[in-house]
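Colleague: There's a structure below that I have some questions on.
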Amino acid sequence: MTAIGLFGAGGRMGQAIRAEANARGDVTIVAPDAGAVVLIDFTSPTIFDAQLAQALRASLPIVVGTTGLSSEQQTAIDEATAEIAVLESANMSLGVNLVAHLVREAAARLGPNWDIEIAEMHHRHKVDAPSGTALMLGRAAADGRKIDLDANSERGRDGNAGPREAGAIGFASLRGGSVAGEHQVIFATEGERVEIGHRAESRAIFAKGAVAAALWLKDRPAGRYTMADVLGLS
Ligand SMILES: NC(=O)C1=CN([C@@H]2O[C@H](COP(=O)(O)OP(=O)(O)OC[C@H]3O[C@@H](n4cnc5c(N)ncnc54)[C@H](OP(=O)(O)O)[C@@H]3O)[C@@H](O)[C@H]2O)C=CC1
Ligand SMILES: O=C(O)C1=N[C@H](C(=O)O)C[C@H](O)C1
């Protein structure tokens, strides 16, 4: 039985992870300071720093699912990986990680005349936009195109925004109801479109991925890992 310390146990993802642990029977969820061998974090950027510090103090590997982290927090993760194993992914599902792989490939093969737009929809409670997954898919597209996402993205068009910038990757976010997570990457050129998408039907897929990631990570050496490593997609 593997003891997993869970940050955010009372939240939507925390509940889904506890359900997954109960269904599996080979892991038990404990408080992060109560004898865990690996940690999982699904909380908020506002409390993330303290949780990373706790993982470092206890010298425990940590799976980070929280999205909306700042570039300073990403740098703090990079620094922590000198001492502990950290797996950070904006989306723990097999399907989305496969989609990221396909998007990188499509962006590399379809030339700059194909405009790239990424649309996402989530439940009414979600606080960050674009979603972490949309940004991850944007980075995959930018990697495929060999461009820098930060210098080539268009977000939140409104009013007399003018025509789209050539080569930009566009983002659109919808919020409503109980949608677990939908992402669509659209490659559009004159006369045709290619669309690669994913629909999460419930949080169970993220929870399954997070627990599988924790079991995979617990015996790894210090370093930074992604779901692509767990799923053999790297
Ligand atoms: N990587 C992935 O596959 C996925 C990532 N996510 C991401 O995971 C994160 C959590 O999502 P979700 O579970 O829906 O969010 P919830 O709001 O349902 O849960 C967040 C949890 O964090 C705790 N928390 C948040 N802020 C504070 C604070 N200031 N002090 C103490 N506790 C705090 C909450 O405690 P309390 O309830 O007491 O407020 C709650 O337990 C988000 O960033 C989301 O984008 C979500 C799904 C999949
Ligand atoms: O907040 C959510 O719910 C989700 N967040 C992640 C994201 O920001 O991409 C993953 C998933 O889409 C659900």
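The backbone N, Cα and C atoms fix where each Cβ goes, and this holds for glycine too.
Taken from TrEMBL, the feature active site, proton donor/acceptor applies to His122. Annotation source TrEMBL lists active site, proton donor at Lys126. Per TrEMBL, the feature NAD(+) binding site maps to Gly8, Ala9, Gly10, Gly11, Arg12, Met13, Gly65, Thr66, Thr67, Ser89, Ala90, Asn91, Met92. Summarising the annotation, TrEMBL assigns (S)-2,3,4,5-tetrahydrodipicolinate binding site to His123, Gly132, Thr133. Marked as domain 'Dihydrodipicolinate reductase N-terminal' by TrEMBL: 36-92. Residues or ranges marked as domain 'Dihydrodipicolinate reductase C-terminal' by TrEMBL: 95-231.
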Colleague: Once the chains shown are all counted, how many other Cβ atoms turn up within 10 Å of the Cβ of Lys126 (active site, proton donor)?
Modeller: 18
Colleague: Can you tell me which binding-site residues out of His123, Gly132, Thr133 are within 10 A of Thr67 (NAD(+) binding site) by Cα, answering none if there aren't any?
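Modeller: Close binding-site residues: Gly132, Thr133.
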Colleague: With the Cβ atom as the reference point and anything under 6 Å counting, tell me which of the binding-site residues (Arg12, Thr67, Met92, Gly132, Thr133) are near ligand 2.
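Modeller: Passing the 6 Å Cβ check against ligand 2: Thr67, Gly132, Thr133.
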Colleague: Give the helix, strand or coil assignment DSSP yields for His122 (active site, proton donor/acceptor).
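Modeller: Once the DSSP labels are grouped into three classes, His122 (active site, proton donor/acceptor) ends up as strand.
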Colleague: List nothing but the largest Cα to Cα distance in Å, as a whole number, among the residues Gly8, Ala9, Gly10, Gly11, Arg12, Met13, Gly65, Thr66, Thr67, Ser89, Ala90, Asn91, Met92 that the record says bind NAD(+).
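Modeller: Max Cα-Cα spread across the NAD(+) binders: 20 Å.
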Colleague: Can you tell me which of His122, His123, Thr133, our recorded positions, come within under 6 Å of ligand 1 at the Cβ?
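Modeller: Listed by sequence, the hits amount to none.
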Colleague: Nearest to His122 (active site, proton donor/acceptor) by Cα, among Gly8, Ala90, Gly132 (binding-site residues)?
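Modeller: Nearest candidate: Gly132.
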Colleague: Measuring Cα to Cα, tell me the gap between Gly65 (NAD(+) binding site) and His123 ((S)-2,3,4,5-tetrahydrodipicolinate binding site) in whole angstrom.
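Modeller: Gly65 (NAD(+) binding site) to His123 ((S)-2,3,4,5-tetrahydrodipicolinate binding site), Cα-Cα distance: 17 Å.
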Colleague: Using the alpha carbons only, what distance in Å do you get between Arg12 (NAD(+) binding site) and Lys126 (active site, proton donor) once rounded?
Modeller: 11
Colleague: Could you state the whole-number distance in Å separating the C-alpha atoms of Gly8 (NAD(+) binding site) and Gly132 ((S)-2,3,4,5-tetrahydrodipicolinate binding site)?
Modeller: 18
Colleague: 10 Å Cβ neighbour count around Thr133 ((S)-2,3,4,5-tetrahydrodipicolinate binding site)?
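Modeller: The Cβ of Thr133 ((S)-2,3,4,5-tetrahydrodipicolinate binding site) has 25 Cβ neighbours within 10 Å.
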Colleague: Run through the domain 'Dihydrodipicolinate reductase N-terminal' (36-92) and tell me, per DSSP, how many residues are helix, strand and coil.
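Modeller: Counting residues by DSSP class gives 24 helix, 11 strand, 22 coil.
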Colleague: Let me make sure I understand the structure: which of the binding-site residues listed (Gly8, Gly10, Gly65, Gly132) has the fewest other Cβ atoms within 10 A of its Cβ?
Modeller: Gly10
Colleague: Considering the recorded positions Arg12, His122, which residue's Cβ sits among the greatest number of other Cβ atoms within 10 Å?
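Modeller: Within the set of recorded positions, the most crowded position is His122.
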